[in-house]
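**Student:** For reference, Swiss-Prot lists these features for the protein:
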BINDING   H43, F44, N45, A46, R47, H51  beta-D-galactoside binding site
DOMAIN    2-58  domain 'Galectin'
Amino acid sequence: PGITXTSLHVAPGARLAVKGDIPAGAKSWVINLGKGENDIMLHFNARFDAHGDIRTIV
């Protein structure tokens, strides 16, 4: 479950900015970029409580 954007035209060297609100108590959030669910070129997974440290984003 989440937001899916399609038909993005991203050229080599382009930047992608992501902006949003993270709910209080969230432990992580994920961005997958690729042509499809099984063809991912970039997986970014920010975790806020990795290894018990809540002051570091891993």
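Residue numbers in this text run from 1 along the chain shown.
Cβ coordinates come from backbone N, Cα and C, glycine included.
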**Student:** If one looks at the chain holding N45 (beta-D-galactoside binding site), which residues at least 6 apart in sequence have a CB under 8 angstroms from its CB?
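**Tutor:** Set apart from N45 (beta-D-galactoside binding site) by at least 6 residues yet with Cβ under 8 Å, we have S28, W29, V30.
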**Student:** How do the residues of the domain 'Galectin' (2-58) split into helix, strand and coil according to DSSP?
**Tutor:** 3 helix, 18 strand, 36 coil
**Student:** Test of understanding: give the count of other CB atoms lying within 10 angstroms of the CB of F44 (beta-D-galactoside binding site).
**Tutor:** 10
**Student:** Taking all residues of the domain 'Galectin' (2-58) together, what is their mean pLDDT?
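**Tutor:** So the average pLDDT across the domain 'Galectin' (2-58) works out to 83.
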**Student:** If you count, for each of the binding-site residues H43, R47, H51, the other Cβ atoms lying within 10 Å of its Cβ, which residue has the minimum?
**Tutor:** H51
